[in-house]
Amino acid sequence: MSKNQSVSASEDEKEILNNNAEGHKPQRLFDQEPDLTEEALTKFENLDDCIYANKRIGTFKNNDFMECDCYEEFSDGVNHACDEDSDCINRLTLIECVNDLCSSCGNDCQNQRFQKKQYAPIAIFKTKHKGYGVRAEQDIEANQFIYEYKGEVIEEMEFRDRLIDYDQRHFKHFYFMMLQNGEFIDATIKGSLARFCNHSCSPNAYVNKWVVKDKLRMGIFAQRKILKGEEITFDYNVDRYGAQAQKCYCEEPNCIGFLGGKTQTDAASLLPQNIADALGVTVSMEKKWLKLKKLSGEPIIKNENENINIEFLQSLEVQPIDSPVDVTKIMSVLLQQDNKIIASKLLKRLFTIDDDSLRHQAIKLHGYTCFSKMLKLFITEQPQVDGKGNETEEDDIKFIKGILDFLLELPKTTRNGIESSQIDNVVKTLPAKFPFLKPNCDELLEKWSKFETYKRITKKDINVAASKMIDLRRVRLPPGWEIIHENGRPLYYNAEQKTKLHYPPSGSSKVFSSRSNTQVNSPSSSGIPKTPGALDSKKHKLSDEEYERKKQKRLEYERIALERAKQEELESLKQKLKLENERKSVLEDIIAEANKQKELQKEEAKKLVEAKEAKRLKRKTVSQSQRLEHNWNKFFASFVPNLIKKNPQSKQFDHENIKQCAKDIVKILTTKELKKDSSRAPPDDLTKGKRHKVKEFINSYMDKIILKKKQKKALALSSASTRMSSPPPSTSS
């Protein structure tokens with residue numbers, strides 16, 4: 001053991017003696033008891049992580065991950081960002097940082113205790129009356145994470161079924177913990193070593209719920225410093241559920257005698273520790289209320305669903321807020337709260353703030369995200385129910401208006417938080433349901449519309465500017481100030497004062513000491529380059545003349561540095577503009593070429609369409625001419641053969657000759673009609689005049705055929721007669 005540890009142990013022993021002198025029971029140490037951890041692990045299934053009944057269960061109601069505003073701080077290969085001594089807003093509001101989601105604090109920061117399973121060293125031992133117990137193997141500091149309470153995360157119906165089942169199976173111990181409304185952790189069969197933590201009416205630990213990624217997880221934390229060998233206990237009456245009340249063996253002076261069950265007695269905690277702290281409730285306030293209830297003879301009933309005493313909660317007067325610590329406690333509970341009664345009590349306390357520094361603290365601790373969630377909670381169709389079971393929708397409306405008024409009072413900041421929380425969208429939906437709130441909503445939205453949005457400083461920005469500026473990770477700014485990024489350079493910005501500075505504002509704390517032993521106020525350790533006017537290691541008094549000369553030299557150096565920075569920024573902007581113009585020119589050429597190709601394609605397509613149309617019209621014209629010719633042929637063929645047969649001279653021809661004559665006559669008549677008018681169709685009915693003309697044409701045609709036939713016959717006879725009258729040719733002897 002080191003010297004410091006010896007001193008610490010001595011101080012702890014003094015504290016125990018003092019407590020004993022004041023009437024408190026001295027802390028018992030069990031470090032001599034055998035370590036039965038291995039034996040205890042055989043009594044249940046040890047889980048690496050909780051088992052969820054479905055994907056939806058155990059999920060934190062706010063789906064958007066909330067980043068902290070810390071910056072990574074590596075030393076000896078370890079990222080010390082977001083540690084116990086930091087102002088990490090995630091740590092303060094019970095949210096763990098997640099690798100690759102927190103953009104500025106870097107990976108593997110110190111706010112990942114659940115994810116990395118950074119448990120305190122503990123051991124299991126056998127107690128006299130309580131079965132197994134958990135003891136500290138080393139001293140545990142106040143608020144240190146001890147262990148995660150793991151098990152099967154189930155819904156309320158399954159929880160009630162298991163209560164009955166375990167009771168019927170005569171289980172001696174119960175291991176249910178409420179995770180959130182309607183959801184429970186059951187560590188009876190599957191869990192972690194934390195299930196063996198026993199109850200005490202004067203506990204040294206407490207249970208708290210943390211948001212890890214998108215899930216709520218439950219951890220056990222030290223309420224005060226716990227000595228090595230001391231048993232680790234918490235108050236079951238607040239945090240744990242069981243079917244039947246059981247005898248308590250904690251042996252504390254204030255022991256109430258029983259734990260579990262539905263009825264609370266004299267020393268029972270009426271509220272979970274974190275809610276009591278957020279409301280400013282002290283142990284003396286609880287005892288006073290319990291005493292009054294006992295004197296009146298009334299039973300003290302806790303809420304079956306949430307294990308809190310609604311009657312006590314409703315009786316509380318609003319406690320004033322005195323410090324940023326109070327704001328932190330309230331905001332950490334509000335972010336996880338979906339109980340309207342608890343939320344309304346916390347909001348009433350928050351509404352009493354009349355100091356801008358405290359309002360800034362509320363904004364800093366994911367304020368806009370929290371108020372967005374609260375508005376949604378009170379907008380829901382389900383009205384608030386008071387301690388007597390009465391629905392009070394008017395109270396819901398009152399709190400919605402109260403939140404709007406509080407938001408209106410908040411000092412001006414950047415618009416980043418409003419946009420990331422989407423609270424403006426929630427406010428825009430209110431007038432549709434509550435028209436009388438439209439003026440309040442419009443006024444608030446008008447105020448927010450004037451806020452400016454800035455890029456946040458990122459890890460990359462810090463690395464680039466590291467040699468030219470103060471290490472931003474170690475600068476603590478006054479309320480209302482934040483670090484933004486503008487034109488590639490970090491600035492200190494106060495939206496309320498409309499002020500931007502290149503260096504930390506007055507009122508900010510000095511640069512925090514780094515983890516090395518460098519001098520914090522020296523220019524080199526703070527990240528500011530040494531100037532000719534920097535302090536020498538050996539200080540000596542300067543004459544007025546020498547002081548003025550050094551001052552002028554320093555001012556000249558700063559002026560030159562400022563001019564150089566301006567020139568560099570101007571050159572950078574010119575280069576960016578040149579590159580932008582070149583890219584624009586190339587883009588315009590590409591667009592022009594694309595348009596040209598598009599026009600050519602359009603022309604080709606147009607020509608193709610015109611050619612197709614011309615071809616179609618030609619086909620249509622030919623087709624129409626052929627159709628008319630066919631119709632005229634059909635028209636004449638309907639009566640020409642009959643007229644030929646009736647002609648007296650037709651008897652001189654056989655059937656085939658008459659058929660051929662009919663075809664020829666029809667073709668001749670059709671040709672004549674089309675020559676007269678190529679677009680005229682044949683009439684539907686044959687007129688007498690037309691019939692007469694066709695008949696005359698047929699008679700004329702037949703006469704010509706007969707005449708030709710006779711002439712041909714006569715010519716043939718004449719030729720034959722000539723051959724017969726000619727003397728035969730002479731033959732030679």
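Here the Cβ of each residue, glycine as well, is placed from N, Cα and C on the backbone.
Since we're looking at a predicted model, the values are computed, not measured.
In Swiss-Prot, the feature phosphoserine is assigned, of S522, S726, to S522; the remaining candidates carry no such note in the record. When S10, S420, S625 are compared in Swiss-Prot, the phosphoserine annotation sits on S10. Tertiary proximity for the compositional bias 'Basic and acidic residues' (672-688) is limited to same-chain residues at least six positions away from its ends with a CB under 8 Å from its CB atoms, namely 625, 628-629, 631-632, 634-635, 638-639. Secondary structure of the domain 'SET' (120-237) per DSSP, as helix, strand and coil residue counts: 19 helix, 53 strand, 46 coil. For the domain 'WW' (475-507), the model's pLDDT averages out at 67.
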